[in-house]
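S.K.: Quick one: the structure is below, and I'll ask about it shortly.
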Amino acid sequence: MEQDPIHEGKRILSEGKPPHGGMLLLILVPIILLAGALLSGWLTYWLPGTNLSGYTPWLVTAAALAEGVLVWMMVFSILPLYIKYGAKANDAIIATIKGQERYIDALTGSGLGFWEYDLVSGKVFFSATMVAMLGYGDHDAGGDIDFWYQNVHPDDLEGVKRTMQYHLEQRTRTYAIDYRMRRANGEYLWVSDSGRAILDEAGKSIRLAGVTQDISNVMRVQEVLEARTNELETAKTKIEEEVQNARKFQKAVDSSTEAVSITTPDGAIIYVNPAWTILNGYSEAEALGRNPRMLKSEQSPTEVFAAMWEKITAGYAFHTEEIINKRKDGTVYHAELSIFPISEGSQTLFYVSLCQDISQRKEVDKAKTEFVSLASHQLRTPLSAIRWYSEMLLSKYVGELNEKQRQYVKEIYQGNLRMVDLVNALLNVSRLDLGTFAIEPEEVNLVEICESVLSELTPQITEKNQTVERIFSTAPQTYIADPKLIRIVFQNFLSNSVKYTQVGGYIVAEIGIRENNLYIRVSDNGYGIPKGQHGKIFEKLFRADNVRQKDTEGTGLGMYIVKAIVESSGGRIWFESEENKGTTFHVLMPLSGMPKKTGAKGLA
Amino acid sequence: MEETKERTILVLEDERQLAKAVREAFSERGFEPIIVSTVSDGIKQLENLKHVDVIWLDHYLLGTENGLDFVVKLKNHPVWKNIPIFVVSNTASTTNIRSYIQLGITNYYTKADYDISQIINDIEYALRQTNAIIE
């Protein structure tokens, strides 16, 4: 341990004994000198009266000499002691100063600035390190306390003043505070101040001295740490939110009334929700790890599964209402199934599937459709009666009708024909909806079918003075199709074009090959379809506003039937249309032709 | 002359209203229509009548048997099997129509889709063809 410099000085002094006799000397010498003087006076007075009067000068001189010798001896015996002690004191002072220098060196080396605030004068002393710390050069400096205050960060000033005041009022043992000081270049510096008041004898604070340390680095580290901590807190909050979200989703999925299951790409079930277990009769434990194939019943059409795999392995969602699932207890239900592949990049992570029992809905639909079918069949008998009797009335053999009668019966006959068309269309729709319509493909000549439809329409085309362009140059010689069905397609396209194109209009019929598919196109420059109704064109019983005013006939079933025919053959149908510019319908069908499908009824 | 000779048509039709129209139309065109509404009555008529040139057959008939049963019976008969049969129905399914055609009927019509005169024209045409072959 380094010794306190003051103690070091005191130790040096106490090594030699303090000299004695100085005081005695001071008392005795004047007494001796006084006694000597008195003696000299007395001798001078007394001796001349004696026989020794002749010796008077000599005796006075001798007494003075004796006195001088006595004083001299006393001085010489004591003074060297004091000189020696003085030298020691010098050593002590040097040692003390050296000690203080060490303090200053230590302060400088540590980077601590030293200051002293004189409360009486309001002056402050700043050490060179302190001055350098604030960027004002490298020398001790004095200043006003106000200079200090002016450079404390405004936000911290109040705190500094209060801390100082508390300490000066001796409410705190030390003065210590961290705050920001402005440097000469205007930057702020984090400093840590600590000091202590010096009291006068009355115990009142007269000075405050202390050291100041630049803690900017510490604060910077602290700031970085705080920032990191904040980041971590934010991240933690986010993770917690995510977990909450995930829980919410889990809850939502768990409480969904739709059966939800998640399957790995290789077909192992990894999740089922309660609705799934209720629907299928398997517990969660029985389902996990197994292949959803366990639900497949013999009644499901196999082609649906082929189509499903094709879609979902290509990363597309798949939807069907055509499968029959088997429960654990062997009972079956009609399922509506949607499968969504969940991918990350090109990798499929899993398949999410939603399933619902739509047996009841299917039954209702079927009943409705069967009702339409039955009703339509029943309608045909009275329609036949009206047709045949009005026909006979017109055929003169029951007698000639007058012109008015003839006209009216003709109207009845025409009205009946429209009713027949409508009933036939309704029947077709009910067969499509029931899935009971048959596709009986055979080799057909599409150009011939198209031409025969056009020749049926010739009266109307001629009447409206319309031009028909035929583009058949790349048409295949033969195509495998159900002639009735393909005829319905041409019939609807072409009769619509003729009906919904103005007098003098232009119609194009094209049959060819495109994108390695059979391509059929029918275009016209007619009334077109209003943009807002494009989405409804293929809906049942839809008729566009602009043509409903022009032509009251039309069942609104034609395009629905056409779309069903095209799609049931694996084809695609789309159109472009602009009001008063015209309409173009496109169809692409596989070159392999229509697949065979057995069913109770063909389309009429 | 062939044309003047009355041709007999056996009509199996259960709808009174339609049967009446069929009778009138055929009579007008020089046929002698015999109308029955069940398969068994149809067979009876075939047995009683000396000659039937052509048969008009509806699918659904009164009684338990339908048009298909009637065709099966005729085609198993040595003489009757050659009588041309025209099935005219509003309600036959595709499967039934296919069965009729496989059994060798002459043609199938959906009633509501045809004028009666169109069907009679077809029948006359078919009869002329048959006669031409016979001659």
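Just so it is clear, glycine is given a Cβ too, placed from its N, Cα and C backbone atoms.
Feature list, courtesy of TrEMBL:
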- A:222-252: coiled coil (COILED)
- A:124-171: domain 'PAS' (DOMAIN)
- A:175-227: domain 'PAC' (DOMAIN)
- A:245-291: domain 'PAS' (DOMAIN)
- A:319-370: domain 'PAC' (DOMAIN)
- A:374-593: domain 'Histidine kinase' (DOMAIN)
- A:21-46: transmembrane segment (TRANSMEM)
- A:58-83: transmembrane segment (TRANSMEM)
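I'd like to know what surrounds each of these features in this structure.
M.R.: Counted with DSSP, the domain 'PAC' (A:175-227) comes out as 12 helix, 30 strand, 11 coil.
Helix first, then strand, then coil: DSSP counts for the domain 'PAS' (A:245-291) stand at 21 helix, 9 strand, 17 coil.
Residues 56, 59-60, 63-64, 66-68, 70-71, 74-75, 77-78, 81-82 of the same chain, all 6+ positions outside the transmembrane segment (A:21-46), place their C-beta atoms under 8 angstroms from a C-beta of that stretch.
Beyond the transmembrane segment (A:58-83), the same-chain residues lying 6 or more positions past its ends with a Cβ under 8 Å from any Cβ of the stretch are 19-22, 24-25, 28-29, 32-33, 35-36, 39-40, 43-44, 47, 52.
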S.K.: Looking at the domain 'PAC' (A:175-227) alone, can you tell me the average pLDDT?
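M.R.: Mean pLDDT for the domain 'PAC' (A:175-227): 88.
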